[in-house]
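Quick notes on the structure that follows.
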């Protein structure tokens, strides 16, 4: 074996203790001192190495989605959609692709309870024959904002106050009072689904609009949906308090224990598609991430199933170092002009480079399983063995060539450079429809959560009035009930 091409792993552990460089360690219990009670000597390299390594064990926490759990498995195509996409891993029923999935909470820190009211991340990395595909979504089909320009401000509002280091309702209510497009997302977050029972019993959504392209270059806008075969289950507020007080890692434990017991979680993948030529036929913009596509007019189409049948081997290597980015796509799947997706394309890779370093895609959990070739050389923590003489392109001494051209959306865009909001905002209709779909008891729980949120003493009379106005525009009875419980008059 060529030692220069050997990747270190626990599989090559020696039977005795060593330093990182392989030197034998005959005493891992005591520091080197002058005599039995004398001072420690600086020449105790093993002690210095051990402490220095310990001091650097932690890496920067994810700015969002810090708390998470991962598992591995496979995705299998069950229905032919080759007329919609030329993606190789979707080429025919029966095709299987290895995957790794990370579930997470969003706002709270790495050690926070998994029972807090918060969206849940649902990110899937497909290791395909044409490179990796990252489908990075949530357990709710919409989002709070439609323009990524507001993403840092939104996260700041949700995160703890810079003064008190506590999450405070008045900051959230204040920020989103300027963003009525958030009402639809809040109709999910303040609903029962705001606290999933665990990761196995929650849905997943790609959230953003993507584009499928077939072999003829025909594009279709697409939304991705994951449906758990064991059904959707949630925790009510009092149940969440009990569960969280018993085990703050209950969802991680449930996922790990279920897989270990052979009770493998499974999700069915569905898509919705819209012909770009028909995108103006709706009362919403299909690129607006705050909207769902009504399933009665844009039905779900089955694609495949995902089974998680293996727990990760190491939390740090396969969860903390696991990195997703919506920019990582494969031929046959492309981006759309969704404003939030466009900003995520940059931001996700940028934060991974900050967290893990410029060569984070070389880490085993992030590297593609297919062959790959480029001149992205060197940089911090580059551990790939390379012996090429040519590190430029093109060259007559290197046979590497361009890949075959793949179809991309043929759309021609024209327009003025401008910063503006979309024409079809329609901020209240879908939120109202969702509220009216609840049974009376569920409506009352939703209402009470908003009463509690707006009862924060820092929230002004003006802010309460704005939110009552917003919810009144979603549903008049909801606004009236909210005003009544807050002892205010609804002001449309």
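Each position is counted from 1, following the chain as shown.
For all residues, glycine too, the Cβ spot is worked out from N, Cα and C.
Record features, source Swiss-Prot:
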ACT_SITE  65  active site
ACT_SITE  138  active site
BINDING   348  heme binding site
COMPBIAS  9-20  compositional bias 'Polar residues'
REGION    1-20  region 'Disordered'
Where residue 138 (active site) falls in three-state DSSP terms: strand
DSSP helix/strand/coil residue counts for the compositional bias 'Polar residues' (9-20): 3 helix, 1 strand, 8 coil
Number of Cβ atoms other than its own within 10 Å, given for the residue listed as 'heme binding site': 19
DSSP three-state assignment for the residue listed as 'heme binding site': helix
Integer Å distance between the CA atoms belonging to residue 138 (active site) and residue 65 (active site): 10
Local Cβ density at residue 138 (active site) - other Cβ atoms counted within 10 Å: 23
Distance from residue 348 (heme binding site) back to residue 138 (active site), taken between C-alpha atoms, in Å: 15
